[in-house]
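Everything on this sheet refers to the single structure shown next.
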Amino acid sequence: MKLNRSNFSEFKKYPEKILQFGEGNFLRAFVDWQVDRMNKAADFNAGVVIVQPLEQGLVDMLNEQDGLYTLYLQGLKEGKAVKEHSVIDCVTRGLNPYTQYEEYLKLAENPEMEIVISNTTEAGIAFDENDKLGRTCQNSYPGKLTAFLYRRFKTFNGDKSKGMLIIPCELIDRNGEKLKATILKFAELWNLEKEFADWIEEANTFCCTLVDRIVPGYPRDTIEEVHAELGYEDSLVDVGEQFHLWVIEGPEWIKDILPFEKAGVNIQVVKDVTPYRTRKVRILNGAHTALVPVAYLYGLDTVGHSVEDKVIGKYLTELVYDEIIPTLDLPEEELKYFAGAVLERFLNPFVNHYLMSIALNSMPKFETRDLPSLLEYKKRKGQLPKKLVFSLAALIEFYKGKRGDEDIKLADGEDILELYKDLWSKFDGTDACYRNIVETVLGYEKNWKMNLNELEGLTDAVTENLIKIDKLGMKEAVKSVM
C-alpha cells in the first residue's frame, strides 16, 4: 500500500501560506517538520507549496504521495537513544515551475501566502544575467522569486501589507541580505518600476539565518526493513537527528507569525545571527577539528567512540568548556547548554561519523575553526590554551602520515601535502629538527594568514608537545595536558 491521502484519509489539508523553494531531504526534515509541529501543537494552520528549483526534481514523486512522507528522527534525546517516526502532512502539493510557470506565478495572487522558505544549496543565491521576465521560467532561484514578487506587487497594487516574510536557509553568511541584493539587481536588469524596488525594501522582510540539524536523508540501505516496519510504501522517507536549531535574525513580530514557543520547537529570533554562527563554527566544528588528530593517533576511528573514551572524551570536554567557551561573547549558560548538546550529538548511536571523513583539509579547517579560539584565549588570559596547542602539535604529527604501521590517507591542498612531505622526509630525530618542522609549519602564512611563530611561547609549546607525541606515542603524551 502506497502512502497518499486516498489510502490515508486522516491527514488534514491546510490552507497554503508558505512557498518553499527546495524539496530535498534537509528542508523536509527541518523546516517542514517544524511547520508540522506548529500546525499540530499551536494551531498554525499553514500549508506548504513546494517549488522545485531545478528542472529535474522530486515534485512528481511528492504529488504521487499527495505531499505526505514519513520522517524518522533518531539520536540522543535527554541522554537516551530515541528513534521515532511520524508522517508529515503540511505539504499540500509540489510544482515544477519549468512546466507549470503560470501556475507557479498564480501562487503570488493568493492573499494568504505570507512566508517564503528556501534551500537551494550554497550556490543557489546567485545572479544570472540571462534570466528574463517573460512567459518562461527563470533559471536562478532569485530570478524565480523576483518574478513571483513582481506578480504579487502588481496583483495587490503595491499594497504594503502584502509583502512576504522571506527566510532563506542556504548555508552562506548573511543569506537574507544576499538574496535581497540579488532581487534588487533583477529589478534593475528588467527595468521594473522604482515603486517595485521600494516595495521590496519596505514591504518585505528578508531574514539572515543559521540552520543546524544533521540529516542523513533517505535510508537507502535499510528501506525494505523501513517499509516492513511502517506497513506502507513511501518513496520519500527521510531521516534526521533529534537535535535542531533555527536562528532567525529579524524583528520580534516574527514570533507572532510563527508560534514556535507554543509548539516547543527550537527557533530563536535574534537581533544578530553572527554570534550564533561563530558559536557553531567554534564549538561544533572547532571541536571536530581539534579532536581528529588526537583521537585518531590515540587509536580511535569514530567521533562517538572518541567521546565515549574516558581519556579522549575528557580531553575534548575540557577543551570545549575551558578553552573555547571563554573566548565567546554569548551568555555563558547558553554556550554551556549548546556545548552539552553538541557532545550529546557526537554520541549519536545511529550515526557512525568517521574521524577520517572530518580530517579532509584539516590545516585550513584549523585556521578557520580553532585558531580564532587559540588567539582570543591568549589575548584574554595572557597564556596559551594547553589543549588547543596540543591539538595543533597533534595535527603536525598527523601529517607525518603514519598511525603505527598503517598509512594515513592525507587529504589536503597539494601545497600543504608537499610541505609536510618535505619536512618529515628530512627528519633526523633531533630536537633541532622537531623545532624546524614546527617553525616551518607555523610560519606557513598562506594557511594561517599570519606568522604564528610571532605568538609568544607558541613555537616552544608546540615543539615540546610534538616531541612527546612522536617519541612517547599519543596515549602517553596526552596525559601531560590532562
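For all residues, glycine too, the Cβ spot is worked out from N, Cα and C.
Per Swiss-Prot, NAD(+) binding site is recorded for ILE18, LEU19, GLN20, PHE21, GLY22, GLU23, GLY24, ASN25, PHE26, LEU27, ARG28, ALA29, and the stated evidence type is sequence analysis.
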Count of other CB atoms lying within 10 Å of the CB belonging to GLY22 (NAD(+) binding site): 26
Surrounding CB atoms that lie within 10 Å of the CB of ARG28 (NAD(+) binding site), all protein chains: 28
Surrounding CB atoms that lie within 10 Å of the CB of ILE18 (NAD(+) binding site), all protein chains: 26
Same-chain residues at least 6 apart in sequence whose Cβ lies under 8 Å from GLN20 (NAD(+) binding site): LEU27, VAL31, ASP32, VAL48, VAL49, ILE50, VAL51, VAL116, ILE117, SER118
ILE18 (NAD(+) binding site) - helix vs strand vs coil (DSSP): strand
